[in-house]
Amino acid sequence: MSSVLINSIAVLAGLGFAVGVMLVIASKVFKIDSNPLIDDVASLLPGANCGGCGFAGCAACAEAIVEQGAPVNSCPVGGFEVAKQIGALLGQEVTESEKEFPFVRCQGGNQHCTTLYDYHGVENCKVALMLCDSRKGCTYGCLGLGTCVQACQFGALSMGEDGFPVVNKALCTSCGNCIAACPNGVLTFARDSEKVHVLCRSHDKGKDVKAVCEVGCIGCKKCEKECPAGAIRVTEFLAEIDQEKCTACGACVAICPQKAIELR
């Protein structure tokens, strides 16, 4: 073996040893002691790293709960059981709240809303909107390309025959990723105890809505006038229901000429 090769190996080994020593020293000097409670809380979280809590992942959520005062029930995937365990660990009392599920505020679909053209591109609502605007006559409604389904890592959403996403509540963790993925904001959270819903998001004038959709809200205010609880307000041609006031009497459902309000 030549002396040049031996010297090269020796220099390389020396450099490796020196760098290793420097790394060990640096790890000691710059060591940051973490709060052991963060690891304890993180071990209780499901590890889905879905971001439904609003943080980067489960580790960030645990840190926020321990050091930033985030609620112990921040994790929607873990639900009440995980929140209860974290609360016991941190000495906080936890009360169970009603779970929310994604809800589709549109019923135009393939049957009731005008389709402007056949789309044969990427099956993604955001991409379709960027390339050629809405394929539906109503620019507020569901495009039916399944971006929300693709965003759900728990397999809780599927596309129904009418072109709308269907939620499997048994699999849904209420992480909210499907809601965030919808470019038209058609999906929103709703509780099972909230019985009456306006199945429309259009703020267009009534005549424009009727021109493209058979079941869209036209802002006629009949529901607002009929509601005995004063739970409905029509703003910018769209009815909105105050769930705190709503008694689910069904008066608004019966009087709506467009059948845009549903009693579940």
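A Cβ is built for glycine as well, from the same backbone N, Cα and C atoms used for every other residue.
Positions annotated as transmembrane segment by Swiss-Prot: 5-25.
Taken from Swiss-Prot, the feature domain '4Fe-4S' applies to 33-92. Taking H, G and I as helix, E and B as strand and the rest as coil, DSSP gives the domain '4Fe-4S' (33-92) the counts 31 helix, 0 strand, 29 coil.
Other C-beta atoms found within 10 angstroms of the C-beta of CYS53 ([4Fe-4S] cluster 1 binding site) number 26, with every protein chain shown included. Summarising the annotation, Swiss-Prot assigns [4Fe-4S] cluster 1 binding site to CYS50, CYS53, CYS58, CYS75.
Within the same chain, residues 48, 50, 102, 104, 106, 108-111, 113-119, 121, 168-169, 171-173, 175, 177-184, 186-187, 200-204, 209, 211-213, 216 sit at least 6 positions outside the domain '4Fe-4S ferredoxin-type 1' (127-162) and bring their C-beta atoms closer than 8 Å to a C-beta of that stretch. Residues or ranges marked as domain '4Fe-4S ferredoxin-type 1' by Swiss-Prot on the basis of sequence analysis: 127-162.
The annotation [4Fe-4S] cluster 2 binding site is assigned in Swiss-Prot to CYS138, CYS142, CYS148, CYS182 on the grounds of sequence analysis. DSSP assigns CYS148 ([4Fe-4S] cluster 2 binding site) to a helix.
According to Swiss-Prot, the [4Fe-4S] cluster 3 binding site annotation covers CYS152, CYS172, CYS175, CYS178. There are 22 other Cβ atoms within 10 Å of the Cβ belonging to CYS175 ([4Fe-4S] cluster 3 binding site).
Remark: secondary structure over the domain '4Fe-4S ferredoxin-type 2' (163-192) totals 5 helix, 8 strand, 17 coil, with classes taken from DSSP. Annotation comment: Swiss-Prot describes 163-192 as domain '4Fe-4S ferredoxin-type 2', evidence class sequence analysis.
According to Swiss-Prot, the domain '4Fe-4S ferredoxin-type 3' annotation covers 207-236, on the basis of sequence analysis. Residues 107-108, 112-114, 136-138, 141, 198-200, 242-247, 249, 251-252, 254-261 of the same chain, all 6+ positions outside the domain '4Fe-4S ferredoxin-type 3' (207-236), place their C-beta atoms under 8 angstroms from a C-beta of that stretch.
Taken from Swiss-Prot, the feature [4Fe-4S] cluster 4 binding site covers CYS217, CYS220, CYS223, CYS227. CYS223 ([4Fe-4S] cluster 4 binding site): 26 other CB atoms within 10 A of its CB, across all protein chains.
Long-range Cβ contacts of the domain '4Fe-4S ferredoxin-type 4' (237-264) within its own chain (Cβ-Cβ under 8 Å, at least 6 residues beyond either end) map to 107, 191, 194-206, 209-210, 214-224, 226-231. As annotated by Swiss-Prot, domain '4Fe-4S ferredoxin-type 4' applies to 237-264.
The [4Fe-4S] cluster 5 binding site feature in Swiss-Prot is assigned to CYS246, CYS249, CYS252, CYS256; the stated evidence is sequence analysis. DSSP assigns CYS249 ([4Fe-4S] cluster 5 binding site) to coil, not to a helix or a strand. Residues near CYS249 ([4Fe-4S] cluster 5 binding site) in space but far in sequence (CB under 8 A, at least 6 apart, same chain), listed by position: PRO228, ALA229.
Long-range Cβ contacts of CYS172 ([4Fe-4S] cluster 3 binding site) within its own chain (separation 6+, distance under 8 Å): PHE101, PRO102, PHE154, ALA156, LEU157.
Cα distances from CYS252 ([4Fe-4S] cluster 5 binding site) to the binding-site residues CYS50, CYS53, CYS138, CYS178 are smallest for CYS138. Taking DSSP states H, G and I as helix and E and B as strand, the domain '4Fe-4S ferredoxin-type 3' (207-236) has 11 helix, 5 strand, 14 coil.
When pLDDT is averaged over the domain '4Fe-4S ferredoxin-type 4' (237-264), the result is 97. Of all the binding-site residues listed here (CYS142, CYS178, CYS220, CYS252, CYS256), the one with the fewest other CB atoms within 10 A of its own CB is CYS220. Cα proximity to CYS148 ([4Fe-4S] cluster 2 binding site) (within 10 Å) is found for the following binding-site residues from CYS58, CYS175, CYS178, CYS220, CYS256: CYS178.
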